[in-house]
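Here is what TrEMBL records for this protein:
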type: REGION; residues: 1-37; note: region 'Disordered'
type: COMPBIAS; residues: 1-13; note: compositional bias 'Basic and acidic residues'
type: DOMAIN; residues: 170-311; note: domain 'Nrap protein'
type: DOMAIN; residues: 315-454; note: domain 'Nrap protein'
type: DOMAIN; residues: 460-619; note: domain 'Nrap protein'
type: DOMAIN; residues: 634-838; note: domain 'Nrap protein'
type: DOMAIN; residues: 840-995; note: domain 'Nrap protein'
type: DOMAIN; residues: 997-1131; note: domain 'Nrap protein'
Amino acid sequence: MKKKQAVAEDKVEMIPPESSQEEQGGEAPVKAKRSKTEEVVYHPVKLSRSDLYRPPTAEELSQLKEAESLFHCSLLKMQMEELLKEIALSERRKQHIDSFIQTVTNLLQTVPESPEVEVSDLSWLSGAVKVPFLLVPKTTKGKFHMAPPASVDLIGSYPLGTCTKPRIMVDLAVTIPADVLHPKDVINQRYPRKRALYLAGLAQYLTSSSDIGTMRYSCLHGNRLRPVLLLTPPGKDSSSFSIRVHACPPPGFFRPSRFHPQRNNIRIEWYTELQASKSERIDPPTPHYNSSVLGDLLPRAHLQFLCAISSQCSSFANGVALLKVWLRQRELEQGTGCFSGFLASMLLAYLLTTHRISNTMTAYQLLRNSLNFLASTDLTVNGISLARDPDFTAPSLAEFHSAFQVVFVDPSGHLNLCADMTACTYKQLQHEASVSMQFWDNPTVDGFHSLLMTPKPMMRTSDHVFQLCELVKLQSSCKKLNLLSELMDHSGNYIHTVLPFILSLLQQGLGQRIRLLTHSLSPDPEWSVESDAPKHRDQPPLSFGLLLEPELAASVLERGPPADSPKASEFRQLWGSRSELRRFQDSTITEAVVWDAKTMCQKRLIPRQIITHLLQLHADIPESCVRYVGSMVDDVIKTGNEVHSTGEEESLLVVQSYDDLSRKLWRLEGLPLSITAVQGAHPALRYTQVFPPLPMKPDYSFFDREKTTRSLVPKEGKPCPAYVTPIKVICHMEGSGKWPHNALAIRHIRTAFHIRLGELLKKNHNYTCRPCPTHLDVWKDGLVFRIQVAYHREPQVLRESVNAEGLLVVRDNEEVQALEMATIHKPLLTSTLHGLQQQHPCFGAVCRLAKRWLGAQLFSEHITEDTADLLVASLFLHPAPFTPPGSPQVGFLRFLHLLSSFDWRNNPLIVNLNSQLTAADYTEIKNTFMGSRESLPVMFIATPKDKTLSMWTKQAPTVQILQRVVVVAAECLKLLEHQLMDSSQIHDIRVIMRPPLDAYDVLIHLNPKQVPLLSQAVDPPTVTFSRGVMTGGVGKSGGALPVIDYNPVSLYLEELREAFGDLALFFCDPYGGTVIAVLWKPKAFIPVPFKTSQASARSIEVTGEEVNTVPNVKAILEDFQIMGEGLVKSVEARTEKWSF
């Protein structure tokens, strides 16, 4: 046997793994043909018993210890390693890149010379190729001629080994010959113009080569003074990578001291083209211009510095790669003033040279320490420098701080690497690092996905977003703010000139209302070599994001300093005519600004009022240029004609009325047993009802009286009366030996309690009550409360039964589960979510938006109200990698993202209500889930009181419905985010609320007159119907009871499901939908043998001796019409699937 085993082992060959298929370009792995001499066959090593059980080596122990101490589990370590493999360049890709670099280098070295001309003379260029520069002013001094480059060198991430997918960019530095330049070219844009001309000359020469694919111009991180030439290879590799050609002066050609941030290199006289007197000729410093030119002198020195550092730290490249992924997911890696991959490399180099991290650390540790450093270090106040021994001409950190908002000095000591970065961008970077560190160590959070795999676009990260459109108007802002010197320093880029001043103004005005102010980073423009450089106004609108402070953001009062304070004049200057003196209750008289807002949805938009007022007053930006997209989606849940509301005020009225009823129930005397608890069990009592019940006053002329109870009954021929929602309240009675131990007897006792409660409420408070066996309806403050008496031992009694042998059997059943759900679980969920609403004021509004969308898309039967509320609660309790939503809109976007991206198949959604679950509970839930996945609901939601069953999703949704929800949510999210960010045209936000009906087989159109909730429809009709409600005022207590809980649509749907639930699925929007969509079940149309018990709605087919039945669709459609007589307008059959 052993001999056979050995032979079998000898035959096993371990084949070396192929390089993984590249994502970019979709290249298939190529199997290389090996010659006989090259053929390598690996055999498994046979280990002796001593080798097999020998103790682990020091390196193995180190890896085990690292996995245990650094990672929550070994899975995180493996995920990181897999990610690094995924983004690394394969050897095959590197060979393609090296080959193309060699081709380009050879071509560049053969560039022909041209005769010397004036810099402003472009006649030597063919008409096809343009200069990648905005020539403003038109002319400057100097001579230029074309010549082959002095050298062509690789710079940047590719030679350093930190170049990663998906955006592969290889940097090539082309050295402009020294005789083309002049030492004084740093003045008045002469060097940047010659640099642009040199690139245009290269482009003109390369256009004739078939070895180059496409050629385009771009700018390095959006800096118009530093254009670059983008080259791609020809053929199928054209989109897989690009070479970015930089034109640079010879090393050491310009003295670095010329670029001191306090020196001037652009003369006002030249820039304005106006003669100035000698006394006025004080040229201001041009630090941004200086740093742009100096940046071209140092790339080779920077590469040498980084190579020396990375050679000492084996994980340097992987650490930079992880940091770049982290930055890319947060949209901080590209654009003007970004924290680029180069800066990430420099940051790691700084931490290594200052011994804040060690050379032996892993990539994981490098990333962690980098984020920790960013979170705890404010470079806007205390800059850092890589320069060890700068020369005496190098500026001090204080001089850098006086010229730039963020300071990070390079190894030369002369260049600020963060010259173009605004303080707000760095604060955003700091905030993101801080948030990442907070959830990194939390064992209940999936750190890998939150940290490196979840994208964070501005629209989903910021609570409010607004855009500045018509950027050309910012020219007048420069005039208003008197920014000529800064405009000159930014070489006419008025957008980046005025941006820091706008940010500072908004920061001052919004103050404590916001935690963070962010702005979009203008993308690097790209254009054809045959086109002129795009104007500044051609870039996309500037977007700004606000992270709100929930407690303060909606305050209508901006209280200023006392009237006699020296700061009062500053306050008046900031707010202009809006500032006024006011006297407060504490007798102080101070400056104050009061904003116009009555309802919560108006108060949420107070930041909009502040922003438009300040921009108009101080920056001359009209309100028409500000596109505020903070609450566009809220429109779908707005009610009220004169004063709009999104439901907060109405919900508060319901809660106040319930609290009053609860107190009165507690105080009732004359009951045989005392009340032990009164609990709300309705979404309105936790602020999550889509359209909260409104106090109503019945119009008695609309109704007749029912003879015995004198209740209101609608007159014949009138439209369906307004829907009156019964608000469910559970009233627990104390335990006592007097309670019977029989289910039927308990029901009778509960009925007696309902009657007695009604009598006492009528006698003590004059409330109109109607007792029923299952509940008591109470008419109070224009609202109906449905009180249900509960006895805590009733579920146990229902579980018990006696079998045929006379033994007591305890068994769970559906009746018990329904009773526990109604009397225990729902009240508990309501009180818990009510508490969550108190912590997060917009929780209720997010739930209402989410449920409105689910209803509109016809999913509300399958994802119930309680399930939807729990899904939204998870966004607030487990927001990583975000902060809890601060506005309904951003919460709704994250809800769609959760639905569409969560891995429902392999993970439970754990909602840690009241933080009751520990890390051990999380592990237990996940293990139990994986162990019995097949028997659990497809959408599994675990809570502290329900760790193993997911009772909220036990019945629905099914696999097919969940797949449909995921697809529709993904499409709606994509469309909505596009609409919110696209300012080019007016969008209809309600598009995402209109369901695609083409997937359904039959549409049942309803008569709008008989749809009581018609006014809540996504597209409410222009014609409305009187529904027996008087406007203004609330019905008095003691009046006649209105028609309660009567909705013909839902009753009709119940009948349809009961009659035809085995043949079809029925979908309808519960909020005013006038269409019922029907989807036939595919299995229902398979012929089945004839049975008399199953002949309903079926027709008989005889084939030979076989007698089968199939659904009689024509008769079923007629039944739809007959069953809904008066309610159904028409039945439309859209497909004929059943005929196949």
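From the backbone N, Cα and C atoms, a Cβ is placed for every residue, glycine too.
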For the domain 'Nrap protein' (634-838), which recorded stretch in the set 170-311, 315-454, 460-619 gives the largest number of Cβ pairs separated by under 8 Å?
-> 460-619
According to DSSP, how is the domain 'Nrap protein' (315-454) divided among helix, strand and coil residues?
-> 73 helix, 5 strand, 62 coil
For the domain 'Nrap protein' (170-311), mean pLDDT (0 to 100) = 89
Counts by DSSP class (helix H/G/I, strand E/B, coil) across the domain 'Nrap protein' (170-311) = 71 helix, 23 strand, 48 coil
In DSSP terms, the domain 'Nrap protein' (997-1131) comprises 40 helix, 36 strand, 59 coil
